[in-house]
Amino acid sequence: MKKIAGWFTLAVLFVLYYIVPLPGRLLWQPDETRYAEISREMLASGDWIVPHFLGLRYFEKPVAGYWVNNLGQWLFGDGNFAVRFGAVLATVLSALLVFWLARRLLSGPRPAVVAVLIYLTSFLVYGVGSYAVLDPIFTLWMTAAMCSFWLGEQASSARGKAGGYILLGLACGMGFMTKGFLALAIPVIAVLPWVIAQRRWKSLFCFGPLAVLSAILISLPWVLAIAQHEPDYWRYFFWVEHIQRFAEDNAQHKAPFWYYLPILLIGLLPWLGLLPGALREGWRGRVSQGGDFYLLGWAVMPFLLFSIAKGKLPTYILPCFAPLAILMAGYVQRLTGENGKALRINGLINLLVGLGGMAAILLVLAPWGITGHPLFGAHEIGKVILGTIAFGVWALFGALSLYHSRRYWRWSAACLLGVALLIGTALPQQVMESKQPQALIQAAMPQLQASRYILSDSVGVAAGLAWELKRSDIYMYDKTGELQYGLSYPDAAGHLVKAEQFPAWLAEHRKQGAISLVLLLPRDGQINPALPSADMTLRKGRFLLLQYQQQP
């Protein structure tokens, strides 16, 4: 009965976290609008080999992540949940793999369910797993790779070992087709500490070639197909997207070595109090035959690799969370049989986070905030109340697990529930009107649908326009952003209109129909005075629509 109740509670939490709130949240630019539009264009064109974005070649990532994202729009249409379905699906499958591995490493199914609970309700896992990016899909393949390696190493027969290594290669091959060569490096460095400690070199060298071969076999058809269709793909993808991003001084998203430490600590909420003990247990496991040290290497080695890399984004460390969830579940299992100090500390952390969030909203971000730079407007008192309630829920469950830790520590999983359910409604208007272009697009849909040409100076906004209007011919105004490479091809001529060319371009092209220019204004809200006067203007925060009617 307890087993059924545990699964039922987990299912209810999953629905409340990953299903209920997602349709109502507007898409964020640039990430969600980008991946929504790439999949829409892939489905519309039927070309599942060469990724295109706004009708241009887009070689920042391989293709398998888009295939998974395509499923959402293919099954559920063009809603916001459909766009996020790929991330949710990948997160669920990763959680099932966490259960599978935890069931083998921990004693009994209950700790394995706890591992899934910790994984699905960790802040970073939830935030990224309900957000339309490729990292949850990549994490799925990396989790599958690490589970496959463990399966192979624990097999007692040569056939079983071979099967595990073949699955390892297939997972790495799919990871490679999702985010590139990183998928081949992460499993290698992740297993290295355990292989050294357990002296598993023989099986690694005997069966490792099977993994290499299966990775090649699953990825080779697309590798050859993309090379045939686009001969420059591999040069650009390898040099620009790997060497420059991870190693060179001009890498994108540069950040210091310690960048990921606070991301990890915040991302592990509401389970942060369990981290020190879990890491300690993992280190102690280096001298045993158990899996604790394997999990520790899986968590730490990729974390160090990402920290060394020049380019950094918070989502990159998502593959580290599956092993940490299992380590923490094992640590909790030992705690409940000994003393619950770490559980009380975890409850205290959550109580303080909840109270701190409430204080930040009421004293800093509210219209009456003490800093004089509020995030909420005077007309958004309702949103202030909702935000306060969201963090109040966090504090409530934190207090419950603090004062009744042995009985109610699992309710830490509900700490994020208020944020998950209310964030879409409680988001400040100035955030919505700079990061969620649907706020403007849906208000101006008749004007945009009537436009012969549409331009934007923001790639993320342009992607939102293309996805909402179901047209890929959105032109860039003055800026290229991440479309610089695609715009460099001769057949992309005309997709970029520079600011100094715009008056003449406008005079010529408005003869064919109305023209809409959608701008993402700078933070100071200044509008370029050199822009031609528009026939219609609509502004929502930093989003500005200028429409020019057709003229003979």
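Quick reminder: no glycine exception, Cβ is built from N, Cα and C everywhere.
The transmembrane segment annotation in Swiss-Prot covers 4-24 (among others). Remote same-chain partners of the transmembrane segment (4-24), defined as residues 6 or more beyond its termini with a Cβ less than 8 Å from a stretch Cβ, comprise 79-81, 84, 88, 91-92, 110, 113, 116-117, 120-121, 126, 129-130, 413-414, 416-417, 420-421, 423-425.
According to Swiss-Prot, the transmembrane segment annotation covers 81-101 (among others).
Sequence annotations record features per position, and here Swiss-Prot assigns transmembrane segment to 113-133 (among others).
Among the features that Swiss-Prot reports, transmembrane segment is placed at 176-196 (among others).
Swiss-Prot lists 207-227 (among others) with the feature transmembrane segment, giving sequence analysis as the kind of evidence.
Per Swiss-Prot, transmembrane segment is recorded for 255-275 (among others).
Feature annotation from Swiss-Prot assigns transmembrane segment to 289-309 (among others).
Taken from Swiss-Prot, the feature transmembrane segment applies to 313-333 (among others).
Residues or ranges marked as transmembrane segment by Swiss-Prot: 351-371 (among others). Listed as Cβ neighbours of the transmembrane segment (351-371) (distance under 8 Å, sequence separation of 6 or more from its ends, same chain) are residues 269-270, 377-378, 380-381, 384, 387-388, 390-399, 402, 415, 428.
As annotated by Swiss-Prot, transmembrane segment applies to 384-404 (among others).
Look at Swiss-Prot and you will find 411-431 (among others) tagged as transmembrane segment.
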Which range wins on Cβ pairs under 8 Å with the transmembrane segment (255-275): 81-101, 113-133, 176-196, 313-333?
113-133
Name the range, of those listed as 81-101, 384-404, 411-431, that has the largest tally of Cβ pairs under 8 Å with the transmembrane segment (313-333).
81-101
Per the 3+ Cβ pairs under 8 Å rule, pairs at least 6 apart in sequence, do the transmembrane segment (289-309) and the transmembrane segment (176-196) touch?
yes
